């Protein structure tokens, strides 16, 4: 890819734009259904079928196809062999911007080995082609008599419909486009726009209770048994029981992710660990998920006994042994009350439970217009020059959308609009831009991967309702060579709220469904289940046509967000410091008050303190009034733009090359041993500092515990006596007086201060901790 000079910080920023949306200026009240994109005019030609075509071959047959020509552009239908009444039903779309002719010619030809024969044609003057704008009904196709090159009628008729329309036309997604004329037929499917739906995901809970009457292969010993459960590629095991019994009891929960339609069966096998690394199957049962009950809450379902079937191998074939009395006790259910997490929890676009009866009504509509991209970098080389074939993917909730691929353009114009229902405003829509590397069918077998150009995230709660946001977002990617701007993508976004009351009420509700709190999953379970859910989603979407490939799905779902990165660790540390900095600033300000750096301010604080001591009922109202005034004051400087990728916050610009190389390393590592050793030593150094901080925190906590533990008998005796005296004093002294005296002591003049640590701090630091017992 072409190298660029270092970018200025403003080139990574968001830019507000004013596109000509839907025929009106941005910000105007728009009424059309396709109003978040610029209208693009297309000439549509629908070739439906032909009849009574004459035979042209020497063999006396006809192998017809249709060629649609408009200036230098030429589209072609598939051909039929030996068919005089073919039916194609194909649509061709020609961009009005690129039309170089005033006539469109539809030619019917006969496929031949040497030269295709001309059968007849139909011609249309573009000035006489009718216009159609949805929601008008589709234009009805008509029969047209074929003509020869001289304009004389010949045998055969062709059913056609020709009209001028926009990208809002229903025929647009499936049409052949003139800008894709260079794409071979087997690559056309990979450039079309498409809407995908994530398969409906369920958590499958398998509660393995017990087994009865196990019959081990070796009768001379008690088996060391465990249960192995398999669902597709997911394999889980219970703990190994070494109890001296043939009726083992586990009572363990195994959690899987299952997707509708249920294609795999649940296979459970009871296995005996006869030796390290050697297990023998005692019995097996297969359960169809179609018959598994579904529950919507935490109430227990009835358990069932399942017979264990013995499988023996006879002459290389596996056969079922019928006389077998062992059985296993299970409680299996599909959990409808959970939300199956397939995204990073920080960027979730959907928080609803699996079961539809538990869904709450939608609160609004999210509309996204994917307009254009500017300044894209060449992503690959073709015929000795750089080229980019860009398309966009947007994901929100269960709905994924993919725009058409714009061939060989660094400034592609998509102008496609999509809509989602919104159930929670605290969700994120993700838009990714990619380079299509599957335009030629042969590349599919070579394992070509679509290249990521950049990604944009927009949190709905940061948007004002009913406002159209038109911005150009920087497409920023992190590469082993550093941060790189790949271009900009222009989007139009509008969040329309149908019920403001319902949306405000959601802010008081739990983020996840009730089951996540009543019957919570462990952090390890959530991570494992999320990985399985991502694999299922990427597999299912990869089987669509055109496929949404695994690398696309994983990039959109942030699969690798949990991987170690020194850069992210630094960024998160400085994020914490950014959160704590106001508290540190307040502490420094208060320290200056105590030191009387500004006597007037300190005196005012004394007056305020006396008022609050005399009238303590004013404390909480004062605090909330102060917060209210701050909020009203900051309203003037409220953010007017959606958030975007921040290279400074991410520490992407200052990352060391070796840190980036480590971040892009595979897992397990593929780097040479000396580099791994250096990184390991660096990680040990960082971990050592963290270890010291954690140890210091533990020391302070243990010192607090030792106040009353009598580990240091003299210190505890002093503290106990102090507590007794303090209790008597506080019983006889009004609380206001105590607070007043304590406040005056804290705010005392520097003349009454000294630099040595205070008595309580000296006492606390002398308390013992358990560091003496550490090896």
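Glycine too: its Cβ is placed from the backbone N, Cα and C atoms.
Among the ranges 600-617, 618-635, 636-653, the stretch that TrEMBL annotates as transmembrane segment is 618-635. Residues 611-612 of the same chain lie 6+ residues outside the transmembrane segment (618-635) yet bring a C-beta within less than 8 angstroms of a C-beta in it. Remark: secondary structure over the domain 'C2' (24-144) totals 6 helix, 54 strand, 61 coil, with classes taken from DSSP. The average pLDDT computed for the domain 'C2' (183-306) is 88.
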